[in-house]
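Asker: One structure is given below, represented as structure tokens, and several questions about it will come after.
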Amino acid sequence: MQSRIVGYAPVFTLFPSLNTPHKTFTFHQISVLIITFIAYASFHASRKPPSIVKSVLGPSVASNSSSIDAGWAPFNGDKGTQRLGELDLAFLSSYAIGMYFAGHLGDRIDLRHFLVFGMMGSGILTVVFGLGFWMNVHLLWFYMSVQIVCGLFQSIGWPCVVSVVGNWCGKEKRGLIMGVWNSHTSVGNIVGSVIASSVLDFGWGWSFLLPGVLVIVSGLVVFCCLVVSPNDLGFEEPGKEIEMGLAENVEESLRKTEAEDAELLETVRLDDDDDLSAIGFLEAWRLPGVTPFAFCLFFSKLVAYTFLYWLPYYLRHQAVAGVHLSHKTAGILSTVFDIGGVFGGISAGFISDRIKARALTSVVFLSLSIPSLIMYRVYGSVSMLINIGLMFISGLLVNGPYALITTAVAADLGTQESIKGNGRALATVTAIIDGTGSVGAALGPLLAGYISRRGWNSVFFMLIVSIFFAGLFLVRLAKAEIKAMSSGELVATSE
């Protein structure tokens, strides 16, 4: 066993006291959560600079009276916002496409090496984008090409980290654990916003350089310390003896009311060597619950990523209490949305654990987010305090379902009883759900770039319609959960 440990994480060679039996399972479990948290937070920190520098690269805006921003060709013309939206599309579309392949590969190769490969590539390309400032590059194809390749490298991260965490965390309190853990998304956005905004006055290239270096350094930490599976340290994977989680209970309820689900389960039976074989791509799509949650995430992520890529630009161009904000202030203020997202992910995970109803929890959050976005658009410009409060609430409600689906739901569906606990399906299922969501994430910022020319009311209308459709895809599953709870199959925990 020791030789295998050495091959998986060099830190165990340098510090033998970290090996079993010197350290407990809980110690290594917490270590994995921290390392993967840092890894994906750095990914998101490197995604934030494009939104922060939009107000510098994009079309000029008059602040109060005479102050005008020159912009940066080719993003400063009449079609500048469209070009910026196309730049987001270049990154996010390649990210979405790469996600499907990354999940497929992640179930078949060493996850630690694969994750490090993605982090190094992402960091280097983020730095290369920033070099366009010092090299005085004004070619659209240069920035588009860098974003496309960077998106492919970034797509490696999510299936890897979710698969690793799924290996170490059983179903019990998975929603709460992953809700807390998934705050890395918002924490990364906050860190990226603060770093990029703080150095923006020195030149927008620095806003890319520092986050890129952060990803590279985090990749070195992952290479040295990450343990992919408890089996690598001689532990048994958790949750083998725990009762069925959300996906199995909901599926049981659906089978009692609709006969087609029973037929669906038959199509995903695996051979006797399930523990060793990875599930096929089309088989994963047919798993109960995967399709509705995937399309729900399509619309949820469309909304979340529109805020991720356009909120600083929106704050820069919309006067708050009659005053236009500076580039730096707008960038830092936008972190309030992500702070709300931290609380949203944790609360959605906690509530869904208590009532054991992931779809119902998501639908409630999505329903409440519609009035919150309307109020933010209407009253957000009244005062700074009101803007911050409504932005926090909107972030909480918008990011809650997004965080829940990409973590706990994906892990539930990737380890459900219908595939006999085949852990090698987890990265594939995760990639399908988040990959589909990433298509929406690519579409949202692009549409915002075009629609914003007609006014921001049109952008918010698009976001509200998207949230409505996101909730609509989960109505059937939510009804099944309500029916299951009423019949006593889903019982809220009382501990």
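Quick reminder: no glycine exception, Cβ is built from N, Cα and C everywhere.
Pulled these from TrEMBL:
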{"type": "TRANSMEM", "residues": "25-43", "note": "transmembrane segment"}
{"type": "DOMAIN", "residues": "34-483", "note": "domain 'Major facilitator superfamily (MFS) profile'"}
{"type": "TRANSMEM", "residues": "114-135", "note": "transmembrane segment"}
{"type": "TRANSMEM", "residues": "141-168", "note": "transmembrane segment"}
{"type": "TRANSMEM", "residues": "180-200", "note": "transmembrane segment"}
{"type": "TRANSMEM", "residues": "206-228", "note": "transmembrane segment"}
{"type": "TRANSMEM", "residues": "290-311", "note": "transmembrane segment"}
{"type": "TRANSMEM", "residues": "331-352", "note": "transmembrane segment"}
{"type": "TRANSMEM", "residues": "359-379", "note": "transmembrane segment"}
{"type": "TRANSMEM", "residues": "385-413", "note": "transmembrane segment"}
{"type": "TRANSMEM", "residues": "425-447", "note": "transmembrane segment"}
{"type": "TRANSMEM", "residues": "459-478", "note": "transmembrane segment"}
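Surface or core, plus neighbours and distances: that's what I need for these features.
Answerer: Long-range neighbours of the transmembrane segment (25-43) within the same chain, counting only residues 6 or more positions beyond its ends whose Cβ lies under 8 Å from a Cβ of the stretch, are 115, 119, 122, 154, 157-158, 161, 164-165, 168-169, 177, 181, 184-185, 187-188, 191, 211, 214-215, 217-219, 221-222, 225-227, 230, 233, 235, 238.
Outside the transmembrane segment (114-135), and at least 6 residues removed from its termini, the chain residues within Cβ reach (under 8 Å) are 39, 42-43, 46, 49, 102, 105-106, 142-143, 146-147, 149-150, 152-157, 160-161, 164, 203-209, 211-216, 218-219, 222-223, 226.
A Cβ distance under 8 Å defines the sequence-distant neighbours of the transmembrane segment (359-379), meaning residues of its chain 6+ beyond its ends; these are 250, 292-293, 296, 300, 303, 344, 348, 351-352, 386-387, 390-391, 393-394, 397-398, 400-401, 404-405, 456-457, 460, 463-464, 467-468, 470-471, 474-475, 477-478, 480-482.
Away from its own ends, the transmembrane segment (425-447) comes close to residues 85-86, 88-89, 91-93, 95-97, 99-100, 102-104, 106-107, 111, 155, 158-160, 162-163, 166-167, 278-279, 281, 284-285, 287, 290, 293-295, 297-306, 308-310, 402, 405-406, 409-411, 413-415, 419, 459, 462-463, 466 of its chain (Cβ-Cβ under 8 Å, at least six residues beyond either end).
Long-range contacts of the transmembrane segment (459-478) within the same chain, counting only residues at least 6 positions beyond its ends with a Cβ under 8 Å from a Cβ of the stretch, are 250, 254, 289, 292-293, 295-300, 302-303, 306, 310, 357, 359-360, 362-363, 366-367, 369-370, 373-374, 377, 398, 401, 440, 444, 447-448, 451-452.
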Asker: Okay, the transmembrane segment (180-200) and the transmembrane segment (331-352): do they have at least three CB pairs under 8 Å, pairs separated by 6 or more?
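Answerer: Counting Cβ pairs under 8 Å (6 or more apart in sequence), the transmembrane segment (331-352) reaches the transmembrane segment (180-200), since there are 3 or more.
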Asker: For the transmembrane segment (141-168), find every same-chain residue at least 6 residues outside the stretch whose CB is under 8 Å from a CB in it, and list them.
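Answerer: Those are 28-29, 32-33, 36, 39-40, 43, 46-47, 50, 86-87, 90-99, 101-103, 106-107, 111, 114-115, 117-119, 121-122, 125-126, 128-129, 132, 178, 181, 226, 228-230, 237-238, 406-407, 410-411, 414-415, 423, 426-428, 430-431, 434-435, 438, in sequence order.
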Asker: Restricting to the same chain and to residues at least six past its boundaries, which positions have a Cβ under 8 Å from a Cβ of the transmembrane segment (206-228)?
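Answerer: For the transmembrane segment (206-228), the list is 5, 8-11, 28, 31-32, 35-36, 38-39, 41-43, 45-46, 48-49, 52-53, 110-113, 115-116, 119-120, 122-127, 129-131, 133, 164, 167, 191-192, 195-197, 199-200.
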